[in-house]
Structure formats: C-alpha cells, structure tokens
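Notes to accompany the following structure.
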Amino acid sequence: MSLSNPWFVIALVGVLGVFHLEFFATLLNLARLGRPVPPDLAEVFPEETREKLGEYIRDSKKVEFTQEVTLLGVLVVFWWSGGFGWLQNWAQSQGHGPVVTGVVVIGLVLLAQTWLSLPFQAWDTFGVEARHGFNKTTIGTFINDHFKGLALMALLGIPVAAALVWFFETQAWAALYAWLFLAGFTLLMTWLSPRVIMPVFLKFRPMEEGELKDAIFALARKLDFPVAEVSVVDGSRRSTKANAFFAGFGKTRRIALYDTLLESHGKEEIVAILAHEIGHNKCRHVPVMMTLNLLEMALMLGLLGWVLKSPGFFAAFGVQGTPVGMGLVLFGMIYKPLGVLTGLLGLAMSRKHEFEADAYAREAVGSHQPLTNGLKKLSHDHLAHPSPHPLTVWLHYSHPPLAERLAALQGNPRAV
Ligand SMILES: [Zn+2]
C-alpha cells in the first residue's frame with residue numbers, strides 16, 4: 001500500500017475522484033433550486049410547493065451526503081489500516097477451500113456495507129420522507145423488508161458469488177463463462193422478479209371490473225399489445241409516491257399499477273401513462289438496454305479477469321497472493337470511474353427512450369394533453385427538482401427533466 005504502486009493510485013483517485021464529482025454535481029444542483037421555474041411548470045410548482053420542494057431536496061441530500069462521507073471514511077480507515085489483508089487472512093484461517101473462503105469474504109463485506117447504510121435508510125424513511133408526508137412505512141414493515149432483503153440476497157447472491165469465484169479460480173476462459181452465466185442469470189431474474197421476488201415485498205390483487213379496466217384493455221387491443229392481467233399493487237403501504245410497471249413477456253404480460261397512482265390520476269392520464277409504457281415495448285427499448293448491459297458486463301469481466309492475475313492490484317489493498325473472492329470485492333473500487341462513464345452512456349440512451357415512448361403515447365391516445373397532465377401530477381407529487389443542473393441529469397437521470405419532456409410532447413423541443 002504505497003504511492004509507488006500504480007494500482008493504489010488508480011484506486012485512490014477513482015474512489016476520491018468519483019466522490020468529489022458527485023459532491024460537486026450536488027452543489028450545482030442545489031444552487032439551481034433558487035432559479036425561477038420554467039414558465040411551463042409554474043402551475044406544477046407554485047410558490048409554496050417550491051419552498052417545500054427545496055426543503056425536501058436539501059433534506060434528502062443531507063442524508064445522502066452524510067452516508068457517503070461515513071462510508072468513504074470507514075472504507076479509507078479500513079483499507080489503510082490493513083483491514084482487507086486481515087479479513088482475507090482470517091477467512092483463510094478457517095480452513096475452507098478458495099470458493100467457500102471467497103464467498104465468506106464477499107458476504108461479510110456486503111453485510112457490513114448493508115448494515116452501515118441501514119441507519120441512513122432509517123433516517124431517510126422516518127426522518128425525511130415522513131417529515132415531508134411521503135412515508136407510510138411502519139417500523140415493523142421496515143425491519144421486515146430488511147430481513148426479507150437479506151434472505152433474498154443470501155439466496156440469490158451466494159450461488160452467484162460461488163459460481164464467479166469458481167470460474168476465476170479454475171477456468172482459463174473464466175471471463176467468457178462468467179459472462180454467459182451472468183447473462184443467463186439476468187434473463188432468469190427478469191422472469192422471476194415479478195412472479196416470485198416482488199410479491200415478497202408487495203401485494204398484488206386483480207383490478208376490479210369497471211371503466212378503467214375496460215379502457216386499459218381497449219388501449220391494449222388498439223395498440224395490438226396482448227395483456228393477460230391487470231393488477232393493483234399496494235404501494236401505499238410504504239409510500240405515497242405513485243408508479244406503474246409491466247411484467248412478463250408475450251401473451252402472459254401483466255400490467256401492475258400502484259394503488260397510489262389510481263388515487264391521484266384520472267382515467268385518461270392512467271391510460272396515457274400505460275401507452276407510454278407500451279411505447280417502450282413497441283420501440284424495442286428493453287432488448288436495446290439489455291444488449292448495452294451485456295456489453296458493459298463483457299467489458300467489466302474482461303478487465304476483472306486481467307486484474308485478478310495482478311499481484312500488484314492485491315498488494316495495493318494490503319492483500320497477499322491473488323485470492324479471487326477478495327479480488328471481486330476490491331475490483332469495484334478501481335472500476336468506479338469507468339462505471340461512471342458507462343453509466344453516462346446508459347442513462348443518455350434511457351433518456352432518449354423516454355422521449356420516444358412519450359411520442360408514441362401521444363400518437364396512441366391522439367393528444368399530448370393526458371400524458372402532459374399525468375407527468376405534471378407525478379412530478380408534483382414526487383417533489384422532483386424543477387430545473388436540475390445538466391451535470392446531475394447526465395450522472396443520474398434515467399428520465400429527462402419534466403420541462404424537457406413537456407416541451408418535446410408539445411412538439412417544440414427547442415424551447416428548453
Ligand atoms: Zn418511460
């Protein structure tokens with residue numbers, strides 16, 4: 001662990017660089033809260049909403065920033081006091097093979113990270129979200145969710161971690177096998193998530209018969225989009241924030257709407273929001289994003305395979321030898337800056353897709369008005385930043401800022 005080791009410098013610059021970039025972006029973004037709201041949004045963000053909104057965003061950022069600083073501090077102290085070497089030696093001294101040892105190391109680091117973040121999550125949910133009237137989660141649900149999450153992480157994470165460690169410990173073409181394995185796993189999760197995983201946290205019930213359900217099926221027929229079932233999800237048990245999503249492929253597709261969306265939006269708005277979701281499907285956005293993710297995964301695993309063979313990389317963290325499990329944990333730190341770059345690309349693509357889905361929805365329902373109204377309500381209810389700084393948009397926004405979406409919907413994207 002010294003500055004003469006290039007891996008040490010890369011990791012240090014990566015971790016601190018990304019932290020400072022994020023901090024700078026947040027400051028710029030907060031400074032823009034004082035700006036006048038774009039004229040189009042004046043009705044969405046009247047004076048009193050804007051004050052509430054400024055407080056909400058500042059409060060959330062305070063939690064986020066304190067969490068980041070704490071985690072960074074713990075990481076640096078652990079790293080520089082030889083914690084990684086100590087952890088690796090302890091795990092090895094338990095006398096298991098490299099795969100079990102690797103999984104134990106990965107599991108302990110993830111567990112430590114999760115528990116260190118937990119107080120901040122609680123502060124955010126019961127402090128910030130509650131103070132601003134969003135939170136519906138009880139302490140019981142919060143604790144329950146946490147343990148369900150941990151159980152799920154163990155159930156899915158242990159086999160995946162074991163497979164990855166095994167590939168890189170024993171196979172010459174490990175990066176390729178790991179890539180194929182993770183691609184298969186991602187597909188499996190896409191299928192499993194709405195069927196098995198989401199029902200662990202949320203309750204789905206079939207939507208009752210009525211005008212809205214008829215309108216949804218009429219839209220699906222008109223757009224030639226087979227839907228097997230429309231469900232309502234009890235999002236209101238946790239938050240007042242609304243949402244809608246799709247699940248499944250082909251003829252078994254299920255539409256799920258948060259009960260909070262049904263409460264806050266009219267029939268036409270909900271239909272327009274669904275038309276937007278169908279637009280994502282019709283424009284083939286899912287396979288495009290999946291291909292991008294697979295390409296990034298290939299880049300990451302190729303790099304990982306190379307790094308795992310470099311003793312200097314491990315030495316930068318005070319670890320002797322080239323233990324794969326520990327390597328997987330440490331790789332995250334040098335991958336950070338590259339991850340920001342690939343993230344920029346993915347988010348830019350996602351924002352482009354949002355414009356396309358909006359345009360599709362406008363054609364599908366024959367007017368921009370219902371989607372415009374729906375988006376305004378969502379944005380108002382979520383207390384979104386009215387004019388976020390471009391740097392924050394590039395780094396974090398999977399959806400374009402509301403003002404840009406509304407301008408594009410009304411056919412004059414240049415107005416922003
Ligand atoms: Zn969308």
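Backbone N, Cα and C atoms are what each Cβ position is placed from, and that goes for glycine too.
The transmembrane segment feature in TrEMBL is assigned to 6-28, 69-87, 99-118, 150-168, 174-197, 288-308. Taken from TrEMBL, the feature domain 'CAAX prenyl protease 1 N-terminal' covers 30-203. Here TrEMBL flags 207-411 as domain 'Peptidase M48'.
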Item to check | Stretch in 6-28, 99-118, 174-197 most in contact with the transmembrane segment (150-168), if contact is a CB pair under 8 A | outcome: 99-118
Checklist entry - the transmembrane segment (99-118): which same-chain residues, six or more beyond its ends, come within Cβ distance under 8 Å? => result 67, 70-71, 74, 87-88, 91-92, 146, 150, 153-154, 157-158, 161-162, 165-166, 169, 323-326, 328-329
Item to check | Within the predicted model, mean pLDDT of the domain 'CAAX prenyl protease 1 N-terminal' (30-203) | outcome: 90
